[in-house]
C-alpha cells in the first residue's frame, strides 16, 4: 500500500507484524490545548505559500531567527530547549561545489561566516559560532552531554564540538579526502551518538553504509541495508539517522529507496544482546525520506516529492508500528528536530526557512 493513500507499508523482520493508525494528539498538546483549532499561519506572501491537507491536522508557522542565516541543513534541540541550526551561510550546493572525483572545490575554501545559530523559542538568536570551520554543512545532533556533532559533506568529515568552548575536539575522516575504507567517508550525511559514546555515521551520498565507532573513533561495525524480498539490496543515500537507545534500535532514512530501515544498535550488554546491524523492522514506499527523529518512541519524518508520493510528514509509533501522514505539500524539507513538548521544527532549503509544526 502506498503512503500516498495515507498508509506506509511496514514490514517486521524479527518482531511481530506492525500496523497503521494515528499519533495521539495529546502527545503534541497538553489537555488544555487540545481544543485550540488554529489555522496554519504561514505569512501570506507567494514564497511562503504551501498547499496543505484540507483536513487541517496541523498548524504550521514560520520560525524566523532574529538574525539572518543561510540554508539550514541540520536542526537539533539543546538542553535549554533552544533550536540549534547548522546552516551554510551564503553558500549553496551547486554544480561547482564538487569535482568529478567527489573532492570539494578547494577554491571555495571554508565558510568564513558563522554556521551554527542557537535560537530560543521566541525566535531570538542567543548565540552564533562556527566561522572558518566547515565547507558544506549537513547533519547535526546533540549528545547526552550537550556537545554538538556535525557532518560536513565538503570536508568528508564528522566533528564533535565542545558546547562550552565551541571548538572542534574530535574529528573522524580525513579532511577533504573522500574514501570508502574505515578511515574515510564520502559526503557523510548524519551522525547519532549513544550515551555510552558509540557513534553512528550515515555515509552517505557516495557510500551506501552506516558505520559504528567507539568513543575514541575506532570502527566497531558496519551496517548494510537489510535484504528484503522485492526491495533494493543496498542503501541509496542513507540521509538521516535516529537512535532509540532504550529500544536498542538505530533507524536509517534510506532516501532514494523511499524507506526507513531499523537495526539493532548493539548498545545493550549481556548474553542476550543482539549484535549491531540485525534488521528489526522497516517502513517502505513512504516517499523520499530526508530526515527522521524520535521522541518518546514516536519516529517523526519528512519526505520529499517523488513520482508517486507527495511531500509530507509522517509519524510512526515504534511500539505498535501505527503511523499517520500529515503536512502534505511541505516541499523541500531537509532537516527536522522535535522539542520536548512535541513541537516539530522543519528546515526547507528552497525557500530557505524554518517552519514550526504543531498537530491539532
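Cβ coordinates come from backbone N, Cα and C, glycine included.
As given in TrEMBL:
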SIGNAL    1-22  signal peptide
BINDING   75, 140  Ca(2+) binding site
BINDING   88, 205, 255  protein binding site
REPEAT    123-164  repeat 'NHL'
BINDING   138, 239, 334  Zn(2+) binding site
REPEAT    172-216  repeat 'NHL'
DISULFID  186-206  disulfide bond
REPEAT    234-266  repeat 'NHL'
DISULFID  251-262  disulfide bond
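Positions of the features from TrEMBL, shown on the structure.
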{"residue": "75", "record": "Ca(2+) binding site", "Cβ neighbours (10 Å)": "25"}
{"residue": "88", "record": "protein binding site", "Cβ neighbours (10 Å)": "23"}
{"residue": "138", "record": "Zn(2+) binding site", "Cβ neighbours (10 Å)": "27"}
{"residue": "186", "record": "disulfide bond", "Cβ neighbours (10 Å)": "20"}
{"residue": "205", "record": "protein binding site", "Cβ neighbours (10 Å)": "21"}
{"residue": "239", "record": "Zn(2+) binding site", "Cβ neighbours (10 Å)": "25"}
{"residue": "251", "record": "disulfide bond", "Cβ neighbours (10 Å)": "29"}
{"residue": "255", "record": "protein binding site", "Cβ neighbours (10 Å)": "25"}
{"residue": "262", "record": "disulfide bond", "Cβ neighbours (10 Å)": "25"}
{"residue": "334", "record": "Zn(2+) binding site", "Cβ neighbours (10 Å)": "22"}
Cβ neighbour count within 10 Å of residue 140 (Ca(2+) binding site): 24
For the repeat 'NHL' (123-164), residues assigned helix / strand / coil by DSSP: 0 helix, 21 strand, 21 coil
Other same-chain residues whose Cβ falls within 8 Å of the Cβ centroid of 138, 239, 334, the recorded Zn(2+) site, in sequence order: 73, 74, 139, 189, 190, 240, 290, 291, 335
Composition by DSSP (helix, strand, coil) of residues within the repeat 'NHL' (172-216): 0 helix, 17 strand, 28 coil
Secondary structure composition of the repeat 'NHL' (234-266) [DSSP: H/G/I, E/B, coil]: 6 helix, 19 strand, 8 coil
Nearest recorded site to residue 186 (disulfide bond) by CA-CA distance, among recorded positions 75, 88, 239, 262, 334: 239
Euclidean distance between Cα atoms of residue 138 (Zn(2+) binding site) and residue 206 (disulfide bond), Å: 14
Cα-Cα distance linking residue 334 (Zn(2+) binding site) and residue 255 (protein binding site), given in Å to the nearest integer: 11
Of the recorded positions listed as 75, 140, 205, 251, 262, the one whose CA lies nearest the CA of residue 239 (Zn(2+) binding site): 205
Integer Å distance between the CA atoms belonging to residue 75 (Ca(2+) binding site) and residue 334 (Zn(2+) binding site): 9
Spatial neighbours of residue 138 (Zn(2+) binding site), counting only the recorded positions 88, 205, 262 and Cα distances within 10 Å: 88
CB contacts for residue 206 (disulfide bond) [other CB atoms within 10 A, all chains]: 17
Arithmetic mean of per-residue pLDDT over the repeat 'NHL' (172-216): 97
Whole-number Å value for how far residue 262 (disulfide bond) lies from residue 75 (Ca(2+) binding site) (Cα to Cα): 21
